[in-house]
Amino acid sequence: MPNMEPTTKEIKEQKIYQEMGLTDSEYELVCSILGREPNYTETGLFSVMWSEHCSYKNSKPVLRKFPTEGKQVLQGPGEGAGIVDIGDGLGVAFKVESHNHPSYVEPYQGAATGVGGIIRDVFSMGARPIAMLNSLRFGELDTPHAKYLVSEVVAGIAGYGNSIGIPTVGGEIQFDPCYTKNPLVNAMCVGLIEAKDIQKGQAKGIGNPVMYVGAKTGRDGIHGATFASVEFSEEGEQQRSAVQVGDPFMEKLLLEACLDVIRDHSDILVGIQDMGAAGLVSSSSEMASKAGAGLELIMDDVPQRELHMTPYEMLLSESQERMLLCVKKGHVEEIQALFERYGLEAVVIGQVTDDKMYKIIHHGEVVANVPVDALAEDAPVYHKPSKEPTRYQAFQEEEAFVPAMDDVVGVWKELLAQPTIASKRHIYEQYDYQVRTDTAVVPGSDAAIVRVRGTEKAIAMTTDCNSRYLYLDPEVGGAIAVAEAARNIVCSGGKPLAITDGLNFGNPEKPEIFWEIEKAADGISAACLELDTPVISGNVSLYNETDGTGIYPTPVIGMVGLVEDLAHITTQDFKNSGDVIFLIGETKAEYSGSELQKLQQGKISGRAPELDLVTEKKYQQLLLTAIQEGLVASSHDLAEGGFGVALAEATFKAGLGAEVEVPFALNQLFSESQSRFLVSVKPENEAAFAQLMELEKVYRLGVVTEDDTIRVKHKEDQVTAKTTELRSIWEGAIPCLLK
C-alpha cells in the first residue's frame with residue numbers, strides 16, 4: 001500500500017503542522033533544531049511530545065512552585081508515580097491522572113482507559129496496586145445527556161476496576177453547570193512496594209535491547225495527547241478515533257508479568273515504562289532521555305493488529321495495555337519465556353545507542369532521526385500572561401450573602417437532596433470495593449482505609465477539591481483543597497504524608513485562566529508546606545473548555561496518610577448513645593461558595609471562607625493525638641453543608657439521634673467555615689479529651705441519643721428533625737435524579 005504522507009514542502013506551505021498541534025514558531029524551532037524541515041513522521045513526533053499533555057509547556061513555571069521534598073519522600077515527580085516511605089522497608093506509590101476529553105466523547109471507554117493508564121503508571125514503578133479512587137465532575141442531573149454521562153463513566157470505571165481485581169475504595173463527585181460539556185474524570189491509583197523494588201523509566205547501557213510487551217498496536221488513540229491539549233468544540237464529539245479501547249483482562253496479565261520481572265529478575269531489568277499518552281514515542285524517548293542515551297527503533301518489529309500501519313501511526317498510537325522494557329544484553333529469551341507464561345508477547349523493537357539521537361527505521365529506511373532530548377526535554381516553555389479576572393475584586397467587595405432560614409428543617413432536607421451532598425451509595429455500590437479483602441473502611445466515610453498485610457498498619461486515602469471556593473478565590477480555594485484532604489485523613493486516624501495533584505483548568509491562553517492556575521498553585525504550595533505534605537506526583541489537564549465556556553478551577557488533591565495502628569482507625573458515624581459530642585473549630589457566617597448559596601441563589605459569589613493554616617495544623621495535630629490515645633469514638637470533617645449536614649451524616653449509619661446545644665445561631669447551621677471537626681467521645685474519655693483540647697475553641701455540644709431524633713438548640717431557638725426522614729432524602733436523591 002503506497003504511503004501518501006505529505007512531503008516536507010507540503011507540510012510547510014500548507015501549514016499541516018498547525019493541524020497536528022504545532023504553532024508557527026514551534027515549527028520554526030523544530031527546523032532550527034534539525035537544521036532542515038521535518039518530514040511527516042518527525043512533525044508528528046514533535047507535535048505530540050510538545051503538546052501540553054506531554055511537555056507541560058504552559059504549566060512548568062507553575063509546577064516549579066510546589067514543594068516536592070520531605071524525609072518521607074522516596075520518589076518525587078518525574079517518574080510514573082510518586083512514592084512515600086511508611087517504614088518497615090515499605091513504600092506507597094500513588095498518582096492521579098485525568099481522562100477528561102475522552103470521557104466526554106466516549107464516556108465508558110474514556111473512563112475505563114483512564115483507570116487502566118493510572119494502574120500501569122503505578123505498577124511500572126514496581127508497586128502492586130491495592131486501591132483505586134476517583135474524582136468526578138458533571139453538570140446538573142437535569143438532562144438525559146448528563147444522566148447518560150454519569151451512568152457510562154461510572155460503568156467504565158467499575159467495568160475496568162472490577163475486572164482487574166483492584167478495589168475502588170473512595171472518591172468524590174460534584175455537580176455544577178460549568179461541567180455540563182466539560183466533565184472531569186480523574187482516577188487515582190495507590191500501590192504498595194518494597195523500597196528495594198523501586199524502578200525507573202530509563203533506557204541505558206549501549207546495545208541493551210528495548211522490548212515491547214503487551215497488546216498489539218492499532219490505530220486507536222492516535223493524537224490522543226494532542227486532543228487533550230486543545231479546547232473542545234461540539235465538533236470534537238466526532239474525534240472518537242482519539243479515544244482508546246481498554247481490555248482489563250489483558251492488563252491483569254500484564255500487571256502480574258511485569259511485577260514478576262521486577263520481583264524475580266531485577267538484575268536483568270534496566271528500566272520499565274507504561275506506553276500512555278503519546279504511546280511508543282513518549283515512553284521510548286523519555287526513557288532514553290532520562291538515561292542520557294539515544295535509541296534506535298525498528299518499526300517493522302512492532303506487533304501490529306491492523307494492516308499497513310505507518311511509522312507515524314505506530315509511534316503515536318495510544319493503544320492500551322502496552323509496556324516498554326529495557327533489559328540487559330543476552331537476557332531477551334529469559335524475558336520472552338516469562339511473558340509467554342502469561343500468554344503475552346515480548347518483542348525486541350530496538351536498542352540503546354550512545355549518540356543521543358532518536359532514530360526510527362522502517363523497511364530498512366530511516367524515517368525519523370531527531371535529537372532525543374529535543375523531543376523529551378526541550379519543548380519550549382511558555383510563561384503565559386496572567387491577569388486577575390474582574391469578578392475577583394467584585395467578589396471581594398460584595399456584601400455577604402445571608403440565607404433565608406425561616407424553615408431550618410426544610411432547608412436541611414433540601415441540602416441533603418442536593419446531589420453533591422447526597423449519598424453516593426448508588427454510585428459506589430457499582431464498584432467492587434472489597435476485592436483483595438484488605439479494605440478496612442469502605443466508601444462513605446471521610447477517607448478510605450486499606451490494611452497493609454503482614455503489619456498492624458493501614459493506608460488512609462482520599463480525593464478532595466471544592467472548585468466553587470477556587471472560582472471565588474483560587475489561592476484560598478487551593479489551600480482549602482489540601483487542608484480538607486488532610487482533615488479527612490486525620491479524621492480517619494491517619495497522619496497525612498503527601499499529595500498527588502490533578503490540575504484541571506480551562507484555556508491557559510486566556511490571561512484570567514492562567515492567573516487562576518498560578519494562584520491555585522500558590523495556595524496548594526502554602527498548605528503543603530504548612531501541613532508537611534509534599535507534592536510527589538500529578539497531572540495537568542488544561543483546555544477544559546467547550547465553545548469558549550470553561551470549568552471552575554479544579555485542582556483535585558489526592559492524599560495518602562499512614563494509620564500507625566489498626567486500633568486507630570476511626571469513622572464518621574456515631575457509635576453509641578450516651579457518647580459526648582464535641583465541635584472543634586469556630587463557626588462564622590460564611591456562605592459564599594456554599595451549597596446553601598447555590599441552592600438559594602442559583603449561583604455562587606462573594607468571598608471564599610477564611611482559612612488559617614496555622615490553626616488548621618494545630619487542630620489536626622490535636623485531633624490525631626486524641627485518636628491515637630484512644631479517646632475518640634467518631635470523627636467527621638465539616639465540609640459541604642457545614643455542621644447540619646455533618647451532624648445528620650454522623651447519625652445515619654447506626655440510626656441514632658443527637659441532642660446538642662450549639663455556640664452559634666441556628667441560621668449558621670449550614671455555614672461552611674473551615675478547620676472544623678465533629679467528634680464523639682465515650683463518657684469515660686470525656687475528661688481526658690477535654691484536657692487535651694483545653695485551650696482551644698472546642699465546644700461540648702451534647703450527647704448521642706438512642707432515638708432517631710436530632711435536636712439542635714441555640715439559646716431559646718430549637719429545631720428537631722427525624723434521622724430516618726433525613727436519611728431517606730439523602731439516600732434517595734441520586735437514584736431518583738438518575739432515573
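Cβ from N, Cα, C; glycine included.
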Matching residue for the ATP site, where Swiss-Prot names Lys95, Asp501, Gly538 - out of Tyr56, Tyr148, Tyr469, Tyr471:
Tyr56
Need one residue: from Gln199, Gln244, Gln396, the one Swiss-Prot lists with Ser98, His99, Asn100, His101, Arg120, Glu318, Ser319, Gln320, Ser541 for substrate.
Gln244
Taking the recorded ATP site as Tyr56, Lys95, Asp501, Gly538, identify the other residues of that chain whose CB atom sits within 8 Å of the mean position of the site's CB atoms, giving them in sequence order.
Leu63, Pro77, Val96, Thr500, Gly502, Leu503, Val535, Ser537, Asn539, Val540
I need the CA-to-CA distance for Glu318 (substrate binding site) versus Asp274 (Mg(2+) 2 binding site), whole Å please.
11
Residue pair Asn100 (substrate binding site), Asn539 (Mg(2+) 1 binding site) - Cα distance, angstrom, rounded:
12
Distance from Glu97 (Mg(2+) 1 binding site) back to Gly538 (ATP binding site), taken between C-alpha atoms, in Å:
7
Count of other CB atoms lying within 10 Å of the CB belonging to Asn100 (substrate binding site):
25
Closest of the recorded positions to His99 (active site, proton acceptor), Cα to Cα, picking from His53, Arg120, Asp121, Gln320?
His53
